[in-house]
Amino acid sequence: MIRTSAIRATPFLYQPSTLRLSGTSFLNNASCRRTFISSAARCKDEALLNKDSHKKATEAHKQDMPGSSSAATSELTKPDAVSTVPREMHGDWVLFHPVYTPDELKQVEVLHRATKTFSDKLAYGLVKFTRASFDFVSRYKHVEGPPDPNMSLEQLRKAGYMLSDRQWLHRILFLESIAGVPGMVAATLRHLQSLRLMRRDSGWIHTCLEEAENERMHLMTFMTLRKPSIFFRALVLGAQGVFYNLFFLSYIFSPKTCHRFVGHLEEEAVLTYTRCIADLEAGRLPEWSNKPAPEIAIDYWRLPADAKLIDVLYAVRSDETTHRFVNHSLANLNPSTDVNPFALREPDMHTKGHKIAFDRSESAEYVKQSHELLQKKMQASHE
Ligand SMILES: [Fe+2]
Ligand SMILES: [Fe+2]
């Protein structure tokens, strides 16, 4: 059983932005050092930025006087900004963001959690229905091998067995625009509940927010490859309006079913990106081979400067694997009484890539281990 009161007594639990890391030994590994170093670097950056921005603001103020040019405001108005600070000053992202080792990126398996209860079956049924409808509308039929080995790539694409780069992009953009909704809804509702009941949230809000942010970054990344049409944007607007409200109402009634639904949805996302990677690596997506990674992706996942789009796809697939693991694990908990086992740290891809979720007792054990590690760190700091 998870002892909420014991965890609440730990003063650090509600500071995930400083402690939460992706990695099994979060207290003494490279990621940990990276995070603390990044925080220090950010402070330094901010100090520099403040100094620099004060100078710029003074100059801007002078230029913005009546009759002067609008050059200063053009610094402020950048709807397509990759980052909010100049490139030479990149600090860390404010929310937790994933950085993977090359080995972690290859750990992902396509997995499915067998349904057990009625709510599991309902959640999975809805995901299957959504996927089938989406495949039908986008005229996509997946086949393991081409129906006729002599068919050319063009013929396969025309017959709907393979997606072109444009179709892949549309599929990804649409899915990502929807995938960013559940985390924000869950975080909103838990936030409101915390305000209403005047009690702490047990660490769920941050993880849900991080998932929403992570999905939005997927969308922002792929958006750089092609600007969607007005028709596509209208489609996203309609889908968002319907899905946000449906998910909002459903989460009020059954958070467990909703996390299970997202867990299954993420199973499909892992499958989609696995197929996309397979197509690209087999030469069936020639438009994307050797395509450089967008700058926003290099910054977010801390990829090497010469990273390619394939590296981005691997990173995104790993993120989807995290969402699969986290949501199925949360769906195995009691959302009213249990703490979020991932508030302090998360297992790395060696676990998340091969395991669909923690059951409730594994989550309890994981929380216990986190506290033991924290105790050790505190003792070490006092010595
Ligand atoms: Fe995503
Ligand atoms: Fe996802």
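Yeah, the Cβs are placed from backbone N, Cα and C, and that goes for glycine too.
Among the features that TrEMBL reports, region 'Disordered' is placed at 54-82. For 54-64, the entry in TrEMBL reads compositional bias 'Basic and acidic residues'. Per TrEMBL, the feature compositional bias 'Polar residues' maps to 66-76. According to TrEMBL, the Fe cation 1 binding site annotation covers Glu176, Glu215, His218, Glu320. Taken from TrEMBL, the feature Fe cation 2 binding site applies to Glu215, Glu266, Glu320, His323. Under the heading transmembrane segment, TrEMBL lists 230-253.
Positions of the features from TrEMBL, shown on the structure.
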residue : record                   : DSSP (3 states)
Glu176  : Fe cation 1 binding site : helix
Glu215  : Fe cation 1 binding site : helix
Glu266  : Fe cation 2 binding site : helix
Glu320  : Fe cation 1 binding site : helix
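With a cut-off of under 6 Å between the Cβ and any atom of ligand 1, the binding-site residues Glu176, Glu215, Glu266, His323 reduce to Glu176, Glu215. Comparing Cα positions, Glu266 (Fe cation 2 binding site) lies closest to Glu320 out of the binding-site residues Glu176, Glu215, His218, Glu320.
Taking each Cβ in turn and tallying the other Cβ atoms within 10 Å, the top scorer among the binding-site residues Glu176, Glu266 is Glu266. Only Glu266, Glu320, His323, of the binding-site residues Glu176, His218, Glu266, Glu320, His323, place a Cβ under 6 Å from an atom of ligand 2.
Counting every protein chain shown, the number of other Cβ atoms lying within 10 Å of the Cβ of Glu215 (Fe cation 1 binding site) is 26. Sitting within 8 Å of the Cβ centre of Glu176, Glu215, His218, Glu320, and not among those site residues for Fe cation 1, are the Cβ atoms of Leu175, Ala179, Gly180, Asn214, Arg216, Met217, Leu219, Ala269, Val316, Asp319, His323. Its own atom aside, the Cβ of His218 (Fe cation 1 binding site) has 25 Cβ atoms within 10 angstroms in the protein chains shown.
Between the CA atoms of Glu215 (Fe cation 1 binding site) and His323 (Fe cation 2 binding site) there is a gap of 10 Å, rounded to the nearest whole number.
The Cβ neighbour count for His323 (Fe cation 2 binding site), using a 10 Å radius and every protein chain shown, is 24. Highlighted in sequence order, Ala179, Glu211, Asn214, Val262, Leu265, Ala269, Val270, Asp319, Thr321, Thr322, Arg324, Asn327 have their Cβ within 8 Å of the centre of the Cβ atoms of Glu215, Glu266, Glu320, His323, the residues recorded for Fe cation 2, and are not part of that set. With respect to their backbone Cα atoms, His218 (Fe cation 1 binding site) and His323 (Fe cation 2 binding site) stand 13 Å from each other.
Around Glu320 (Fe cation 1 binding site), the same-chain residues at least 6 positions away in sequence with a Cβ under 8 Å from its Cβ are Glu266, Ala269, Val270, Tyr273. In this structure, the C-alpha atom of Glu176 (Fe cation 1 binding site) lies 13 angstrom from that of His323 (Fe cation 2 binding site).
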